[in-house]
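**Student:** Okay, here's the structure, questions in a sec.
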Amino acid sequence: MAPGPFSSGLLSPPPAALPFLLLLWAGASRGQPCPGRCICQNVAPTLTMLCAKTGLLFVPPAIDRRVVELRLTDNFIAAVRRRDFANMTSLVHLTLSRNTIGQVAAGAFADLRALRALHLDSNRLAEVRGDQLRGLGNLRHLILGNNQIRKVESAAFDAFLSTVEDLDLSYNNLEALPWEAVGQMVNLNTLTLDHNLIDHIAEGTFVQLHKLVRLDMTSNRLHKLPPDGLFLRSQGGGPKPPTPLTVSFGGNPLHCNCELLWLRRLTREDDLETCATPEHLTDRYFWSIPEEEFLCEPPLITRQAGGRALVVEGQAVSLRCRAVGDPEPVVHWVAPDGRLLGNSSRTRVRGDGTLDVTITTLRDSGTFTCIASNAAGEATAPVEVCVVPLPLMAPPPAAPPPLTEPGSSDIATPGRPGANDSATERRLVAAELTSSSVLIRWPAQRPVPGIRMYQVQYNSSADDSLVYRMIPSTSQTFLVNDLAAGRAYDLCVLAVYDDGATALPATRVVGCVQFTTAGDPAPCRPLRAHFLGGTMIIAIGGVIVASVLVFIVLLMIRYKVYGDGDSRRIKGTSRSPPRVSHVCSQTNGSSAQQASAPPAPDRYEALREVAVPAAIEAKAMEAEATSTELEVVLGRSLGGSATSLCLLPSEETSGEESRAVTGPRRSRSGALGPPTSAPPTLALVRGGSPARPRPQQRYSFDGDYGALFQSHSYPRRARRTKRHRSTPHLDGAGGGAAGEDGDLGLGSARARLAFTSTEWMLESTV
């Protein structure tokens, strides 16, 4: 049966009806409405949604969960939330380029198990954490270029290490990468790391990257590239490699030394890499430099610890070792037993080569070796460490004596319950306990031989400070001073001796004791003997000085009083100066001496001249003639020696006249009387015989004063001669001469010489 006209129309619609049918199919296929300003294409078997340049601030929630390709480029999305891509198990291609994404929630892509390409370039990502890319087990292409990434965690790529083929991290701020994770990307074809801050590539990173086709390290901070067989494929040498390799490392500050010699030996024609260092190769093309100029310098150790380090066991010690070279040397340390030291709980090697040993042991005694090595060689330097062992505690003997063997050396022993009853307590005796001191006694330690010294340690109940005292081994007592009053003390005595087993000093406790000082403060003590003696000396000296001062003051007062009286008398007598009219001087009979010129005036004025009336002068002449005989007789008996001088009045003179002639009298108290008018007569009186008259001779007493005393071998004062010689004679002659006038007798009316104030002062002082 031939088909009719309608049957052919149902099977194949005419061309004019095709547009209408497409519109019907598109409308029927809309399970969900397409977001506003987005383009949705449902071309079987894929559903594509394109929302580019639509001004989105976040991922639209009305996206069909069956979408296969989603492009949200050139928008203002700031964050990717956990619910944005939930249940999109069919999504294969996700593009979020050129947004402002700075945050990606943990597990935001966990449901995208079928995702193969993820584009997050040109955003504001600062780091890539390990939980952000979790769940992407089928990821092939990861594009993270042109962000602000400074750090990539080592677990960030764990979900797709075996599947990723293209990794782009260009134009970021990366200083390092998890090179260990990169080395495990065995299917990696393209690795783009240009325009970063990478200065180091771990050696052996590209060993397993056999499928790597392109490596871009342009414009980083690489100084060197580690030697790797990967770069041989770029030369085509040897067997034909499965895939060619393109390596770009221009724009890096390459340090052209022997470490890059392997790279220089490769043949390159179109690369323009230049050298930055050393100075003689700066700005020269890497491939044009001869191989002979790629040189290295062996290490040289410039600073190390002293030849010997002395440390006490248990203390820390630091050993320094620094070296220079090209390339920079790496420093290692070898222990005395040959072990290579590294960072551990007890040792640490710093970046500058210093070795720190935090806790030293006796095994550390020996020579540590510092090894500095680089590509050109190595250098070594020994450092000797001497560990001083601490004193060891000697083990207790097998059978210690019950009361003589010392116990443990623990200052806290007296504080334990029952410690006061132990044998250790009974060995020490605290005697003479006061508020500030105590005397400790202990017996001799015969069971402990070789005692060097004793160590006394004590502390107070009020604080935790422990005081140590070292005393000789010969002492068995110790006086502890400067203790606080009213406090309890724990005191132990230890014996320091030589241990024969270890040849090291050891300590054993001799004994411990507890005591409490008196609570009352120390009373005031009397002054010591030497202080008292000094005080007495000062007191006696003060009394003596005060007495001398009082005596001097009294003497000055007396001198001033009598001096004023003498000056007044001198002023009174100076108005009518007297003169001496009858003066007789008995000398040795030398007329030459009498006729000689008068000497210079003596400072002692013996006599004063008094004006005498004429009647009295006549009587005086008779008395003078009478006394001449007696004077001659006495002159013979004296044998020419000088006799005493006296001034006598005449016998015929009355008592009143006698008082007038004698001049100023001196009372027993030493005061001078007024002068008399009677002329004095110089006579020599002996016994009671009358004096015979003789021719009158006048001598000037002042003129003959020098001749009178020249016969003596020592000077004599006229005043003393007149008082001690003339006065007694005058007294003796007074009885016989008192003739008619009792008052004119020599016994009752003595002629007194007038002395000056100076002579009187000398007499008073004596």
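The backbone N, Cα and C atoms fix where each Cβ goes, and this holds for glycine too.
Here's the feature list from Swiss-Prot:
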REPEAT    66-87  repeat 'LRR 1'
REPEAT    90-111  repeat 'LRR 2'
REPEAT    114-135  repeat 'LRR 3'
REPEAT    138-159  repeat 'LRR 4'
REPEAT    163-184  repeat 'LRR 5'
REPEAT    187-208  repeat 'LRR 6'
REPEAT    211-232  repeat 'LRR 7'
DOMAIN    299-386  domain 'Ig-like'
TRANSMEM  537-557  transmembrane segment
COMPBIAS  714-727  compositional bias 'Basic residues'
**Student:** Over the span of the repeat 'LRR 7' (211-232), how high is the average pLDDT in this prediction?
**Tutor:** 86
**Student:** Checking distant contacts: for the repeat 'LRR 2' (90-111), what same-chain residues at least six beyond its ends satisfy Cβ-Cβ under 8 A?
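**Tutor:** Answer is 47, 65-82, 84, 117-126, 129, 131-136, 143.
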**Student:** How about long-range neighbours of the repeat 'LRR 3' (114-135): same chain, 6 or more residues beyond its ends, C-beta under 8 Å?
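**Tutor:** Those are 89-102, 104-108, 141-160, 168, in sequence order.
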**Student:** Mind checking how the repeat 'LRR 6' (187-208) divides into helix, strand and coil residues in DSSP?
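**Tutor:** The composition, in the requested order, is 0 helix, 3 strand, 19 coil.
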**Student:** What residues elsewhere in the chain lie close to the repeat 'LRR 5' (163-184), defined as a C-beta under 8 angstroms and at least 6 residues from its ends?
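**Tutor:** Residues 121, 137-154, 156-157, 190-202, 204-209, 211, 216 contact the repeat 'LRR 5' (163-184) from elsewhere in the chain.
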**Student:** Do you know the DSSP helix, strand and coil residue counts for the repeat 'LRR 4' (138-159)?
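**Tutor:** Helix/strand/coil tally for the repeat 'LRR 4' (138-159): 2 helix, 5 strand, 15 coil.
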**Student:** Give the residue counts of the repeat 'LRR 7' (211-232) per reduced DSSP state, in the order helix, strand, coil.
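**Tutor:** Helix, strand, coil within the repeat 'LRR 7' (211-232): 4 helix, 3 strand, 15 coil.
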**Student:** Give me the DSSP three-state residue breakdown of the repeat 'LRR 1' (66-87), ordered helix, strand, coil.
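**Tutor:** Result for the repeat 'LRR 1' (66-87), in helix, strand, coil order: 0 helix, 5 strand, 17 coil.
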